[in-house]
Amino acid sequence: MAEVAESPGDPGTASPRPLFAGLSDISISQDIPIEGEITIPMRSRSREFDSSTLNESVQNTIMRDLKAVGKKFMHVLYPRKSNTLLRDWDLWGPLILCVTLALMLQRGSVDSEKDGGPQFAEVFVIVWFGAVTITLNSKLLGGNISFFQSLCVLGYCILPLTVAMLICRLVLLAEPGPINFMVRLFVVIVMFAWSIVASTAFLADSQPPNRKALAVYPVFLFYFVISWMILTFTPQ
Amino acid sequence: MAAADDLAFHEFEEATNLLAETPDAATTSRSDQLTSLGHVAVAAGTGSSYGAEDEVESDKTALLQAEKPQPGFWTFSYYQSFFDVDTSQVLDRIKGALLPRPGHNFVRHHLRNRPDLYGPFWICATLAFVLAVTGNLTLVLAQRRDPSIHYSPQFHKVTMAGITIYCYAWLVPLVLWGFLRWRQGVQERVDPYSFLETVCVYGYSLFIFIPMVVLWLIPVPWLQWLFGALALALSTAGLVLTLWPVIREDTRLVAVALLSTVVLLHALLAMGCKLYFFQPLPLEQVAPPAQVTSLALHTQLPPTLARSMGTS
C-alpha cells in the first residue's frame, strides 16, 4: 500500500518518485478544526483529589461536603432537568434530612401511650426501606439508574417535606383550630407536590416510556405516607 | 436464516385468541424463557405432547443466540423476569380483576403465562397504607362529632395493616397452590396454576378493597356494609371464576370445600379490616382483650373498659 505504483506509460524513465510526493500538492482550503473535549472520568479526578485532601484542615473537608450538599438542596428546591444529583451522588444529604425529620416526628419519651405517633426508629425505617424498595422496583422494571443514585435522589427530595414539617411545628405553636389545620394541610399538600415534581424530574428519564407510570407510582406512595405522618403529627 | 420460516411467531392477538379458546394448549412454564422477548409462542397441539414441545424448544433455542438459559434464582435477572410488564398491561389486569366475566379466566386471558410480581406487591402496599390512613381519618372525623373520644395518630396500625395484608396475600396462595398441586397428583387431569399465577390472582383481587376502604370513610353504617358486601362479592366472584376451571374436574366435595374456604377467608379479611381499623367508638360486645383485633379498647374511657372486661 505504501509503495507508489510506477506509471505504466513510462517504462524508460526509471527515476522513482519519492514516497507521497504528490501530497505536497494538496492544499487544505480551510482549516479543519481539531478540537474537542477529552472528558476525564470522575474516578481518576477524585483519586487525584484524595491524595491531596489528606493534608487539608478538617474545616476544609467539612465545608466542601457541606457545600456539595447545599448545592444539591438548591437543585431540589428549583428542579430542572440536570443531572448534578445523579452524577455526584452522596448520601449525606438524605441522612441529614432523615434524621431531622425523624427527630421532629417522634413522640416524646414520656409519652407511654401505645397508639401515638411514630418513633424515631419507625420513621427512619420507613424512609430508608421505602427508598430501597422503590429503587429495587425501579431497577427490576428495567431502569438504567444505579442503586445509590436513586437513593440519593429520593433522599434529597424529602427536603420540601422537611421544610413542611418545620412550618407545621411553627404553626402548631399557635392555637389549635380549623384554620390551623387548613394552613397545615395546604402547606403539606404544596410540599408533597413539590417533592413529587422534583423526584420525577430526576428519575423519570431513567425508565422506558411505557413503564414510567409504574416506576413513579411507588414514589408517589412513599411521599404520601411521609406527608400523612407530618400532617397527623400532634405535639403532646 | 432459512429456518426462520419454520418458526412463525404468532402475533400477540392471535396468541390471545388461541389461548383463550383452547386453554388446554397453554404453554407450560418451561417455555417462559422463550417468551421473554415478548412473543407468545403457542404450541398448538391439544395433546400437549412433550416430545413436540422439546423439538420446538430446541429449534428456537438454537436460533435465538441471545437467549440464555433460565437464570438461577440468585441472579438479579431472574427476578427481573417477574417485573416484565408495561403500564398498560398492569392496568388491563386490574380491570380484569375488577370486573370478572364468566367466560374469561383471569389467568388465561389476562396473565397469559406472564405473571408479574409488581401488581400483587404494590397493591398490597397501597392497601396497607390506605387502611392505616383511612382508619386514622375515621378517628379524626369521629372525634369531631364526639369530642370525648381521644385522638392519637395510632402509628402501630400501619405495621398491623402491613403484616396482615402481606401475610394474607402471600401465605394463602401458597397454601392454595400446595393444595392444588396435591390434588393434581391425585387426579392427574387438572392443569394447575403456578405459584406466581396464584399470587397474582389474589393480589389483583385485593385491588377492589382499596376504593372500598376509602368509601368506608362515609360514616353511615348501612352504606359501609353495602359497600363492603359489594366489594366482597366482586372480589370473590373473580377468585371463584378463576379457580373453577381448575377444580371442576375434582370431586364435588373437594371443589365445594375449597371454594367455600376461599370465600370465607376473603370475607374474614374484609370483616377484620372493618372491625379493626374502622371502629373508633368503644365496642362493648367485643371479644376478650387477649384477641389482637379488639384495638378499640385502647381508646376507651376507664368505666367502659371495666364494663367490657366484666362482660368478657
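From the backbone N, Cα and C atoms, a Cβ is placed for every residue, glycine too.
Heads up, TrEMBL stuff is auto-annotated, nobody curated it.
Over in TrEMBL, the protein carries these features:
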- A:76-229: domain 'Yip1' (DOMAIN)
- A:91-108: transmembrane segment (TRANSMEM)
- A:120-141: transmembrane segment (TRANSMEM)
- A:147-174: transmembrane segment (TRANSMEM)
- A:181-203: transmembrane segment (TRANSMEM)
- A:215-234: transmembrane segment (TRANSMEM)
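In the predicted model, residues of the domain 'Yip1' (A:76-229) average a pLDDT of 87. Same-chain neighbours of the transmembrane segment (A:120-141): 94, 98-99, 101-103, 105-106, 147, 150-151, 154-155, 158, 203, 206-207, 211, 214-215, 218-219, 222, 225-226, 229, counting only residues six or more beyond its ends whose CB sits under 8 Å from a CB of the stretch.
Long-range contacts of the transmembrane segment (A:91-108) within its own chain (CB-CB distance under 8 A, at least 6 residues past either end) are made by residues 65, 68-69, 72-73, 116-121, 123-124, 127-128, 131, 148, 151-152, 154-156, 158-159, 161-162, 165-166, 169, 226, 229-230, 233, 236.
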